[in-house]
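These notes concern the structure reproduced below.
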Amino acid sequence: MKIRREFEDTKQILSVNNGNIFLFELAFRLLTLPLLLQMTGALVRLALNAAGYSYVTVNNLGAFLLKPVTLAVVLLIAAVILTGLMIEIGSLTTAFQSAAYSRKINVFSMFLGGLGKTAYEIKRKNWKLFLVIAVHYILTNIFMIYRILRHVKPLKFILPGLLGENWGRLLIVVFLAACVLLSFPTAFICFGCMVEQRTFRDSLERSKDLLRGRYVKTSFILAACNMAVTAVCILLYLFAVVIVAVFAVRFMDRRVELALLLAARDRIEYALIFVISIVSVVVNYGALTVLYFQYDRKDKNKKRWDFDLSGHSRSRWMNRRNVLGLLAVVTAVSMAAAFDVSRNGSFLNEDLLYEVQITAHRGSSRTAPENTIPALQAAADELADYAEIDIQETKDGVMVLFHDSTLKRMAGIEKSVKSMTWDELKDIDVGTRFSGEFKGTTIPTLEEALEFARGHLKLNIEIKYMGASSSLPEKVAECIERMGWTEQCVVTSTSYSYLKRVKKAAPDIYTGYIVSAAYGSYYKDESIDFISMLSSSVNQKLIDEAHESGKAVHVWTVNRKSEMERMKILGADNVITDNPLMAREVLFGEKNTENLLARIREMLK
């Protein structure tokens, strides 16, 4: 009965400033997360460049982390994250402290309180508190953190390996046990430091005194809160996946159903992790506030704290106009950051979060005429991560998308691209020979392709060899930088000298060397960030050696399911294919997902 009362009190204290608390959390995360991701991306790239790597895998992760620049970057990122956590927890402590005294508080006052508390702890060099709060945060969000780590490419293979070994499971259990053992005695330490302004040592003793004889009760209440939040997260995820599956079956083409569901699944998970992590932190610190004040009053033989605020009036600040105004500002800042990332890309994107990506060969060349705008549109519609395009130069120096040396196959004209001017080339029909549906389709310029694909499709730009005297490598690099595409594309070529020239002109552009056979150690060259190979020439040893050198491996052109499955097992990083939909089903498909679609089809008949 007493425990039930604690849950009721937690509900009451959450209701005091619940609107403002959740508004603060939403605003704080939306404002700081994009900045943190951009900063982290820039610093990780700096560390990779200093280490001589282009890519982090299981094979080179240990060596990368031991580099001096990497250690400095990790410490800097950790310092920024710890400071952000302190501000967030300080703000929540301010809000719940006010609620305990039946006072409402606005979002700005919460933030000022968090800033003041953080500044005070920094001033008195209370660094231990930063670490303790970090451990609390890890335990509070342990399920969400695990789900995120499952998507990080280098850890994607480490975690299942650890969980599959007895020593690995023991290591994880020991780590979690250490976090729990550290967390319980320090459960109320933030109140001692931030509310009572005690020293860390005094706050620790205060926390232990409050918990004496109450460990079981406290652990039960906190565990129940976290289990409830986790259960809600799982249920919401399953519900959202079912809704997407119903939508796919009801409204989408049958061949797109599974690929769409697989693509949506992870995005649903990320969105829920963002929301549920907010709820988890708020609920946990709300429960801790109730326990802190009730234990304190009981120890002092005072009347139990009354958290019922039914008679209190609503804050004048919490009116419709002010709330909508704050939401408008937060939304504008968030959308601006998201728009910047979507248009110009980010280092911390799917390259880091997914173990294999899919490239549509020459656009979706089975669906539309290759190297055309319709082919790029089809690649996006078929959920490809990249579209591979071929770049040549006309007689008067215009960069265009075209693969062959002559126009004969595509347009029936026995002339080469380099022998024609743009005016002669721009109106030639390259779609009719593919299908009457594409009559009038023309050859696009590189600028047109970049502008069309911006924000919804990344590009693998292959520079065709036009001779040693051609300035095409420099022109492609200049175009990419001018149009803000450095983070959204890679540049490949069969010409090693071309790649060196691209790297010299624009060092931040990722470059890939196209080879058909595995001869030599070219993947160790600093001018090459990855190798692009004929899939039949790829074996486990080559991929492991490339990964150890910090280089990714792209494979082409993979159109058979058995070969796709082999590339997945070997650990290829990017599969170039003429069938992106089938590739996504093979590389990411699970039997449970297919069964779900089958059941929904039966239900909707």
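Quick reminder: no glycine exception, Cβ is built from N, Cα and C everywhere.
These figures come from a predicted structure and were not determined experimentally.
Straight from TrEMBL, the features:
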TRANSMEM  21-44  transmembrane segment
TRANSMEM  64-87  transmembrane segment
TRANSMEM  129-149  transmembrane segment
TRANSMEM  169-195  transmembrane segment
TRANSMEM  215-248  transmembrane segment
TRANSMEM  268-293  transmembrane segment
TRANSMEM  323-339  transmembrane segment
DOMAIN    356-587  domain 'GP-PDE'
What parts of the chain pack near the transmembrane segment (64-87), using Cβ distances under 8 Å and only residues at least 6 beyond its ends?
28, 32, 36, 39-40, 43-44, 46-48, 50-51, 53, 56, 111, 114-115, 117-118, 121, 129-131, 133-134, 137, 550
Positions on the same chain near the transmembrane segment (268-293), where near means CB under 8 A and six or more residues out:
6, 9-10, 13-14, 21-22, 25-26, 29, 88-89, 92-93, 96-97, 99-100, 136-137, 140-141, 144, 147-148, 187-188, 191, 210, 214, 218, 221-222, 225-226, 228-229, 232-233, 236-237, 240-241, 244, 305, 307
If we skip the immediate neighbours and take only residues 6+ beyond the ends of the transmembrane segment (169-195), which ones have a Cβ under 8 Å from one of its Cβ atoms?
89-90, 93, 97, 117, 120-121, 126, 129, 132-133, 135-136, 138-139, 142, 162-163, 202-204, 206-208, 210-211, 215, 218-219, 222, 288-289, 291-292, 295
Over the span of the domain 'GP-PDE' (356-587), how high is the average pLDDT in this prediction?
92
